[in-house]
């Protein structure tokens, strides 16, 4: 019997449509043919029900289902007893829970749909864990007995007896304006319980928007406002679900410092974050989550920050001796040797002149530069320094006011552009969209294997474009952008809405595609780990955001990063195992050493 329970059946509620099919799953099931009720479904039922006790894991129903609505997944054997929560029959289940410790920041890292938000809800006391018994849920006494002997027992006892107050900063900040009315200052005044309003507004740069209505805020401003609203209240448990989306590098670090400032000896702070360098900077320890998205999720034991992130990147949990991803990710040391004169001659293919552009009271000056084939140029700068403006001038969508230099014309480039904000207007399925926009590439086997397979576009093919989630839209937009034949690919924030695993995949896809297609890509990216992984050269933006900025000419990764980080006043070191960049804690020995040596970005170990 022990063998039988190690698999779970997942029936996707939005794909299973018994009215439109011939109940192939039930007709083909060998257990049903012997007269047992393994799969129960009638034309009138909403969903097929699969009994996990009777299922023998043959996988025939998975192949026969015309809508691909069924997954049968074999679980690791030792997971039978640790179920924390299951939403219903044939749905997602979560194993174990992350263990928060008072006075420390717990970071959670894992793919989307693997139970991070479920875990947050349970830890906030908003969702009562049912230990997998969704028909007869246990009472709290039994739940406490289940967790006895672990730190979670004390935690839940405190939640029940002391009525700990938990506040969650939601993941989707763009839904906030629907719920909150009024202007920023008023809302903060209502919530202010710690007399920190002035300090928080200065830290999170909210003073410019203090009189604005909440519904008129941009994404980044909403995010900072949401962080401020949580941080200004008094609570024992603070939870932040993705506090860095929409923010630029400087604001990410500011937000991280604000989150860390909430620590008190008996308070808990829990953060879900996909930008690994920010997570590294924020947390004191980390729990990874692995499993199958939408099917089951497992929380590992807590690790130290460095170990946890390295485990996640390596895709292997040593304590459980379990591999949860096929390939690991390491970072190359991207320092090109001095090129010889002939190579430079053959390389300098495209030039653009020095340009200026004024929009309203914002002035952007671009120094002349050149770039070559098979190169990825990453643009580094805060929000509002004119990165998108520069991209649009290269694309020929905006005319510069003034150009100077020997070749004053901007050469004509064929450009494929993925904008920062993606809004779905197409009234049909993803398949139609790809067919209409990029028919040639989407049929091409190399494009299939280089771009569409890794980004998992196949699963989205029959969904309506308007119903896609943020991350799914982002992947479709990336596919469309790379599928269009062009000389230059301009990609604005490819990591927004993607989870940490998809970011790794997306950066690999962009890199491989640019190398194979021998084209150039300009990428704007705020996730530091992605930016370092992608960049061959960097363009640094300096100046006052939204007032007067300068874009330097493309330079090598080392000198560019050094210049950029010196503006931000932070230093990076490299992790010895997989060479990922790690932020040094402010005023640590290493931080002071590197600042005095002037090497903010460390490449040589």
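Keep in mind that glycine also has a Cβ here, set from the backbone N, Cα and C atoms.
Listed features, source Swiss-Prot:
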BINDING   110-117, 381-388  ATP binding site
DOMAIN    46-75  domain '4Fe-4S ferredoxin-type'
DOMAIN    70-315  domain 'ABC transporter 1'
DOMAIN    344-568  domain 'ABC transporter 2'
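Features as recorded by Swiss-Prot, highlighted on the structure.
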| residue | record | DSSP (3 states) |
| --- | --- | --- |
| 110 | ATP binding site | coil |
| 116 | ATP binding site | helix |
| 381 | ATP binding site | coil |
| 387 | ATP binding site | helix |
Should one count Cβ atoms within 10 Å of each candidate's Cβ, the binding-site residues 383, 385 would be headed by 385
What DSSP reports for the domain '4Fe-4S ferredoxin-type' (46-75) is 5 helix, 7 strand, 18 coil
Within 10 A of the CB of residue 114 (ATP binding site), the number of other CB atoms across every chain shown is 26
Averaged over the domain 'ABC transporter 2' (344-568), the pLDDT of the predicted model comes to 83
For residue 116 (ATP binding site), the nonlocal same-chain Cβ neighbours (under 8 Å, six or more residues apart) come out as 108, 110, 241, 272, 289, 297
